[in-house]
(Lines of atoms letter the chains of each structure in order from A and count residues from 1; the text may use other names and numbers.)
(Lines give C-alpha, C1' and ligand atoms only; values in the text may rest on other atoms or scores of the structure.)
Protein backbone atom coordinates (compact mmCIF):
# COMPACT_ATOMS: atom_id res chain seq x y z
CA UNK A 1 0.00 0.00 0.00
CA UNK A 2 1.07 3.57 -0.75
CA UNK A 3 2.70 5.02 2.44
CA UNK A 4 0.73 8.29 2.10
CA UNK A 5 -2.57 6.40 1.87
CA UNK A 6 -1.53 4.25 4.82
CA UNK A 7 -0.78 7.37 6.86
CA UNK A 8 -4.20 8.89 5.99
CA UNK A 9 -6.00 5.72 7.12
CA UNK A 10 -4.05 5.54 10.41
CA UNK A 11 -4.73 9.25 11.13
CA UNK A 12 -8.45 8.74 10.32
CA UNK A 13 -8.48 5.78 12.70
CA UNK A 14 -7.04 7.87 15.52
CA UNK A 15 -9.38 10.76 14.65
CA UNK A 16 -12.49 8.54 14.72
CA UNK A 17 -11.46 7.02 18.07
CA UNK A 18 -10.78 10.49 19.55
CA UNK A 19 -14.13 11.89 18.32
CA UNK A 20 -16.10 9.01 19.87
CA UNK A 21 -14.25 9.09 23.20
CA UNK A 22 -14.52 12.87 23.61
CA UNK A 23 -18.12 13.35 22.41
CA UNK A 24 -21.18 14.15 24.54
CA UNK A 25 -23.73 13.95 21.73
CA UNK A 26 -24.87 10.62 20.28
CA UNK A 27 -24.54 11.83 16.66
CA UNK A 28 -20.88 12.77 17.21
CA UNK A 29 -20.19 9.38 18.81
CA UNK A 30 -21.84 7.67 15.83
CA UNK A 31 -19.75 9.79 13.41
CA UNK A 32 -16.53 8.71 15.15
CA UNK A 33 -17.55 5.04 14.93
CA UNK A 34 -18.29 5.42 11.20
CA UNK A 35 -14.92 7.12 10.50
CA UNK A 36 -13.25 4.23 12.35
CA UNK A 37 -15.05 1.60 10.30
CA UNK A 38 -14.27 3.28 6.97
CA UNK A 39 -10.60 3.83 7.88
CA UNK A 40 -9.92 0.20 8.85
CA UNK A 41 -11.57 -1.38 5.76
CA UNK A 42 -8.69 -0.63 3.32
CA UNK A 43 -6.19 -1.87 5.94
CA UNK A 44 -8.04 -5.21 6.17
CA UNK A 45 -8.34 -5.70 2.40
CA UNK A 46 -4.94 -4.32 1.32
CA UNK A 47 -3.49 -7.76 0.43
CA UNK A 48 -6.24 -8.27 -2.25
CA UNK A 49 -6.46 -11.93 -1.25
CA UNK A 50 -10.03 -13.35 -1.54
CA UNK A 51 -10.02 -14.10 2.21
CA UNK A 52 -9.04 -10.48 2.97
CA UNK A 53 -11.84 -9.13 0.76
CA UNK A 54 -14.28 -11.51 2.47
CA UNK A 55 -13.06 -10.32 5.89
CA UNK A 56 -13.51 -6.66 4.90
CA UNK A 57 -17.05 -7.36 3.61
CA UNK A 58 -18.03 -9.21 6.81
CA UNK A 59 -16.56 -6.44 8.93
CA UNK A 60 -18.39 -3.71 6.99
CA UNK A 61 -21.79 -5.45 7.18
CA UNK A 62 -21.53 -6.20 10.91
CA UNK A 63 -20.28 -2.76 11.88
CA UNK A 64 -22.84 -0.91 9.76
CA UNK A 65 -25.64 -2.97 11.39
CA UNK A 66 -24.23 -2.15 14.84
CA UNK A 67 -23.95 1.58 13.96
CA UNK A 68 -27.56 1.59 12.78
CA UNK A 69 -28.58 0.07 16.13
CA UNK A 70 -26.59 2.75 18.02
CA UNK A 71 -28.49 5.45 16.08
CA UNK A 72 -31.82 3.69 16.65
CA UNK A 73 -31.12 3.40 20.39
CA UNK A 74 -30.16 7.08 20.75
CA UNK A 75 -33.18 8.23 18.70
CA UNK A 76 -35.55 6.11 20.82
CA UNK A 77 -34.05 7.65 23.96
CA UNK A 78 -34.32 11.18 22.50
CA UNK A 79 -37.94 10.52 21.50
CA UNK A 80 -38.91 9.53 25.06
CA UNK A 81 -36.70 11.85 27.14
CA UNK A 82 -35.74 14.72 24.79
CA UNK A 83 -32.05 14.10 25.62
CA UNK A 84 -29.24 13.53 23.08
CA UNK A 85 -26.56 13.47 25.80
CA UNK A 86 -24.69 10.14 26.01
CA UNK A 87 -24.76 10.04 29.81
CA UNK A 88 -28.57 10.63 29.88
CA UNK A 89 -29.50 7.25 28.38
CA UNK A 90 -32.33 6.46 30.81
CA UNK A 91 -34.95 4.63 28.72
CA UNK A 92 -34.79 0.83 29.35
CA UNK A 93 -35.47 -0.14 25.70
CA UNK A 94 -32.74 2.22 24.50
CA UNK A 95 -30.18 0.80 26.91
CA UNK A 96 -31.13 -2.74 25.81
CA UNK A 97 -30.67 -1.88 22.11
CA UNK A 98 -27.41 -0.05 22.89
CA UNK A 99 -26.03 -3.07 24.79
CA UNK A 100 -26.81 -5.28 21.76
CA UNK A 101 -25.17 -2.75 19.39
CA UNK A 102 -21.99 -2.45 21.49
CA UNK A 103 -21.85 -6.25 21.89
CA UNK A 104 -21.97 -6.49 18.08
CA UNK A 105 -19.24 -3.85 17.73
CA UNK A 106 -16.98 -5.61 20.23
CA UNK A 107 -17.69 -9.20 19.23
CA UNK A 108 -19.34 -10.35 22.46
CA UNK A 109 -21.31 -13.62 22.35
CA UNK A 110 -23.84 -14.11 20.67
CA UNK A 111 -22.60 -11.50 18.14
CA UNK A 112 -19.08 -12.92 17.97
CA UNK A 113 -19.10 -14.93 14.72
CA UNK A 114 -17.59 -12.18 12.55
CA UNK A 115 -14.53 -11.52 14.70
CA UNK A 116 -12.40 -14.71 14.25
CA UNK A 117 -13.11 -14.67 10.48
CA UNK A 118 -12.14 -11.01 10.10
CA UNK A 119 -8.99 -11.42 12.18
CA UNK A 120 -8.00 -14.51 10.19
CA UNK A 121 -8.35 -12.60 6.89
CA UNK A 122 -6.34 -9.57 8.07
CA UNK A 123 -2.55 -9.04 8.23
CA UNK A 124 -1.00 -9.20 11.72
CA UNK A 125 -0.60 -5.42 12.03
CA UNK A 126 -4.26 -4.83 11.10
CA UNK A 127 -5.23 -7.66 13.47
CA UNK A 128 -3.45 -5.74 16.23
CA UNK A 129 -5.51 -2.61 15.44
CA UNK A 130 -8.75 -4.63 15.34
CA UNK A 131 -8.02 -6.25 18.71
CA UNK A 132 -6.95 -3.09 20.55
CA UNK A 133 -7.68 0.41 19.22
CA UNK A 134 -10.94 -0.57 17.46
CA UNK A 135 -12.33 -1.87 20.76
CA UNK A 136 -11.68 1.40 22.61
CA UNK A 137 -14.61 3.55 21.28
CA UNK A 138 -17.34 0.95 22.04
CA UNK A 139 -15.86 0.35 25.52
CA UNK A 140 -15.79 4.14 26.09
CA UNK A 141 -19.51 4.29 25.19
CA UNK A 142 -20.24 1.44 27.63
CA UNK A 143 -18.22 3.30 30.28
CA UNK A 144 -20.23 6.52 29.78
CA UNK A 145 -23.60 4.72 29.92
CA UNK A 146 -22.64 2.13 32.58
CA UNK A 147 -25.03 3.54 35.21
CA UNK A 148 -28.11 2.76 33.09
CA UNK A 149 -27.17 -0.66 31.66
CA UNK A 150 -28.92 -3.91 32.60
CA UNK A 151 -26.63 -5.90 34.97
CA UNK A 152 -28.37 -9.26 34.35
CA UNK A 153 -28.01 -8.98 30.57
CA UNK A 154 -24.35 -7.97 30.77
CA UNK A 155 -23.51 -10.76 33.24
CA UNK A 156 -25.18 -13.31 30.94
CA UNK A 157 -23.30 -11.99 27.87
CA UNK A 158 -20.04 -11.97 29.86
CA UNK A 159 -20.31 -15.57 31.10
CA UNK A 160 -21.33 -16.80 27.63
CA UNK A 161 -18.39 -14.91 26.07
CA UNK A 162 -15.87 -16.37 28.52
CA UNK A 163 -17.29 -19.88 27.97
CA UNK A 164 -17.46 -19.76 24.17
CA UNK A 165 -14.20 -17.83 23.82
CA UNK A 166 -12.39 -20.56 25.75
CA UNK A 167 -14.26 -23.49 24.26
CA UNK A 168 -14.04 -22.50 20.57
CA UNK A 169 -10.35 -21.62 20.82
CA UNK A 170 -9.40 -25.15 21.91
CA UNK A 171 -9.15 -26.80 18.49
CA UNK A 172 -7.69 -23.89 16.48
CA UNK A 173 -4.38 -24.21 14.64
CA UNK A 174 -4.31 -20.65 13.25
CA UNK A 175 -2.76 -18.26 15.78
CA UNK A 176 -4.89 -15.29 14.69
CA UNK A 177 -8.07 -17.27 15.38
CA UNK A 178 -6.74 -18.32 18.79
CA UNK A 179 -6.08 -14.65 19.60
CA UNK A 180 -9.59 -13.73 18.38
CA UNK A 181 -11.20 -16.22 20.77
CA UNK A 182 -8.83 -15.01 23.49
CA UNK A 183 -10.15 -11.48 22.85
CA UNK A 184 -13.78 -12.66 23.12
CA UNK A 185 -12.96 -14.37 26.43
CA UNK A 186 -11.27 -11.23 27.82
CA UNK A 187 -14.23 -9.07 26.74
CA UNK A 188 -16.38 -11.29 28.95
CA UNK A 189 -14.28 -10.26 31.97
CA UNK A 190 -14.65 -6.59 30.99
CA UNK A 191 -18.42 -6.82 30.45
CA UNK A 192 -19.21 -8.51 33.78
CA UNK A 193 -17.73 -5.67 35.87
CA UNK A 194 -18.72 -2.59 33.80
CA UNK A 195 -21.92 -1.94 35.80
CA UNK A 196 -20.30 -2.32 39.23
CA UNK A 197 -16.88 -0.73 38.71
CA UNK A 198 -16.38 0.83 35.25
CA UNK A 199 -12.78 1.87 36.04
CA UNK A 200 -11.82 -1.79 36.45
CA UNK A 201 -13.11 -2.44 32.92
CA UNK A 202 -10.84 0.30 31.59
CA UNK A 203 -7.85 -1.04 33.55
CA UNK A 204 -8.54 -4.55 32.22
CA UNK A 205 -8.78 -3.18 28.68
CA UNK A 206 -5.50 -1.24 28.92
CA UNK A 207 -3.59 -4.24 30.26
CA UNK A 208 -5.22 -6.58 27.72
CA UNK A 209 -4.34 -4.18 24.86
CA UNK A 210 -0.72 -3.99 26.06
CA UNK A 211 -0.30 -7.78 26.26
CA UNK A 212 -2.05 -8.39 22.93
CA UNK A 213 0.09 -5.72 21.24
CA UNK A 214 3.21 -7.50 22.56
CA UNK A 215 2.06 -10.84 21.14
CA UNK A 216 1.04 -9.46 17.73
CA UNK A 217 4.28 -7.47 17.32
CA UNK A 218 6.38 -10.49 18.36
CA UNK A 219 4.56 -12.76 15.89
CA UNK A 220 5.03 -10.10 13.21
CA UNK A 221 8.78 -9.99 13.95
CA UNK A 222 9.25 -13.75 13.70
CA UNK A 223 6.70 -13.99 10.82
CA UNK A 224 4.53 -16.75 12.30
CA UNK A 225 0.84 -17.38 11.55
CA UNK A 226 0.28 -21.09 12.35
CA UNK A 227 1.09 -23.39 15.27
CA UNK A 228 3.16 -25.63 12.99
CA UNK A 229 5.47 -22.75 11.97
CA UNK A 230 5.63 -21.53 15.58
CA UNK A 231 7.25 -24.85 16.54
CA UNK A 232 10.22 -24.29 14.25
CA UNK A 233 10.55 -20.51 14.79
CA UNK A 234 12.58 -20.78 18.01
CA UNK A 235 15.84 -20.78 16.06
CA UNK A 236 15.22 -17.26 14.70
CA UNK A 237 15.27 -15.18 17.91
CA UNK A 238 15.38 -17.55 20.93
CA UNK A 239 15.28 -14.76 23.53
CA UNK A 240 12.15 -13.25 21.95
CA UNK A 241 10.47 -16.66 21.97
CA UNK A 242 11.20 -17.03 25.68
CA UNK A 243 9.58 -13.62 26.29
CA UNK A 244 6.60 -14.65 24.13
CA UNK A 245 6.11 -17.65 26.44
CA UNK A 246 5.90 -15.38 29.49
CA UNK A 247 3.59 -12.90 27.74
CA UNK A 248 1.19 -15.71 26.77
CA UNK A 249 1.10 -16.92 30.38
CA UNK A 250 0.49 -13.31 31.47
CA UNK A 251 -2.43 -13.05 29.02
CA UNK A 252 -3.77 -16.26 30.55
CA UNK A 253 -3.83 -14.46 33.92
CA UNK A 254 -1.28 -16.50 35.85
CA UNK A 255 0.40 -14.95 38.92
CA UNK A 256 2.93 -13.38 39.41
CA UNK A 257 2.57 -11.81 35.94
CA UNK A 258 0.74 -8.60 34.93
CA UNK A 259 -2.35 -10.39 33.54
CA UNK A 260 -3.26 -11.67 37.02
CA UNK A 261 -3.98 -8.12 38.29
CA UNK A 262 -7.29 -7.41 36.45
CA UNK A 263 -8.65 -10.93 37.13
CA UNK A 264 -7.80 -10.65 40.82
CA UNK A 265 -9.44 -7.21 41.15
CA UNK A 266 -12.56 -8.25 39.18
CA UNK A 267 -13.07 -11.40 41.31
CA UNK A 268 -12.62 -9.26 44.45
CA UNK A 269 -15.16 -6.67 43.24
CA UNK A 270 -17.71 -9.33 42.21
CA UNK A 271 -17.42 -10.94 45.67
CA UNK A 272 -18.06 -7.53 47.29
CA UNK A 273 -21.20 -7.17 45.15
CA UNK A 274 -22.55 -10.54 46.44
CA UNK A 275 -21.86 -12.18 43.08
CA UNK A 276 -19.61 -14.98 44.32
CA UNK A 277 -21.33 -17.62 42.10
CA UNK A 278 -20.71 -15.50 38.96
CA UNK A 279 -17.08 -14.92 40.05
CA UNK A 280 -16.59 -18.67 40.59
CA UNK A 281 -18.17 -19.53 37.24
CA UNK A 282 -16.17 -17.00 35.20
CA UNK A 283 -12.95 -18.10 36.95
CA UNK A 284 -13.61 -21.75 36.11
CA UNK A 285 -14.48 -20.88 32.51
CA UNK A 286 -11.20 -18.99 32.11
CA UNK A 287 -9.45 -22.36 32.64
CA UNK A 288 -10.63 -23.28 29.13
CA UNK A 289 -8.68 -20.41 27.61
CA UNK A 290 -5.72 -21.23 29.89
CA UNK A 291 -5.48 -24.55 28.05
CA UNK A 292 -4.94 -22.99 24.61
CA UNK A 293 -2.53 -20.39 26.02
CA UNK A 294 -0.50 -23.26 27.47
CA UNK A 295 -0.60 -25.04 24.12
CA UNK A 296 0.67 -21.87 22.40
CA UNK A 297 3.35 -21.48 25.08
CA UNK A 298 4.39 -25.14 24.62
CA UNK A 299 4.67 -24.69 20.85
CA UNK A 300 6.62 -21.45 21.36
CA UNK A 301 9.38 -22.97 23.46
CA UNK A 302 9.50 -26.53 22.17
CA UNK A 303 12.91 -27.13 20.60
CA UNK A 304 12.09 -30.23 18.56
CA UNK A 305 8.81 -30.80 16.71
CA UNK A 306 6.94 -33.85 18.02
CA UNK A 307 7.22 -35.90 14.81
CA UNK A 308 9.97 -37.73 12.96
CA UNK A 309 9.71 -36.03 9.57
CA UNK A 310 12.63 -33.87 8.51
CA UNK A 311 12.09 -30.13 8.62
CA UNK A 312 14.11 -27.08 7.71
CA UNK A 313 15.68 -25.18 10.60
CA UNK A 314 15.20 -21.44 10.18
CA UNK A 315 18.20 -19.14 10.17
CA UNK A 316 18.87 -17.08 13.26
CA UNK A 317 18.38 -13.38 12.51
CA UNK A 318 21.02 -10.87 13.51
CA UNK A 319 18.75 -7.82 13.61
CA UNK A 320 18.01 -6.56 17.11
CA UNK A 321 14.51 -6.64 18.58
CA UNK A 322 12.72 -3.28 18.43
CA UNK A 323 12.66 -1.12 21.56
CA UNK A 324 8.85 -1.01 21.45
CA UNK A 325 8.60 -4.82 21.79
CA UNK A 326 11.19 -4.78 24.60
CA UNK A 327 9.24 -2.14 26.59
CA UNK A 328 5.84 -3.78 25.99
CA UNK A 329 7.15 -7.24 26.93
CA UNK A 330 8.67 -5.95 30.17
CA UNK A 331 5.40 -4.21 31.10
CA UNK A 332 3.32 -7.26 30.12
CA UNK A 333 5.27 -9.42 32.56
CA UNK A 334 6.40 -7.27 35.49
CA UNK A 335 3.64 -4.80 36.47
CA UNK A 336 2.05 -6.88 39.26
CA UNK A 337 4.43 -5.75 42.07
CA UNK A 338 3.55 -2.08 41.39
CA UNK A 339 -0.21 -2.72 41.35
CA UNK A 340 -0.87 -0.31 44.29
CA UNK A 341 0.59 2.54 42.17
CA UNK A 342 -1.53 1.48 39.17
CA UNK A 343 -4.67 1.47 41.33
CA UNK A 344 -3.99 4.97 42.68
CA UNK A 345 -3.58 6.24 39.08
CA UNK A 346 -6.80 4.53 37.93
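A Cβ is built for glycine as well, from the same backbone N, Cα and C atoms used for every other residue.
Because TrEMBL annotations are produced automatically, they should be read as predictions rather than curated entries.
Given the ranges 122-141, 242-261, the record in TrEMBL names 242-261 as transmembrane segment. Same-chain residues lying 6 or more positions outside the transmembrane segment (281-304) and placing a CB less than 8 Å from one of its CB atoms are 158-159, 162-163, 165-167, 169-170, 172, 175, 178, 181-182, 185, 188-189, 192, 227, 230-231, 234, 241-242, 244-245, 248-249, 251-254, 263, 267, 270. Residues of the same chain lying 6 or more positions beyond the ends of the transmembrane segment (152-171) and with a Cβ under 8 Å from any Cβ of it are 96, 99, 103, 108-110, 112, 116, 177-178, 181-192, 194-195, 275, 278, 281-282, 285-292.
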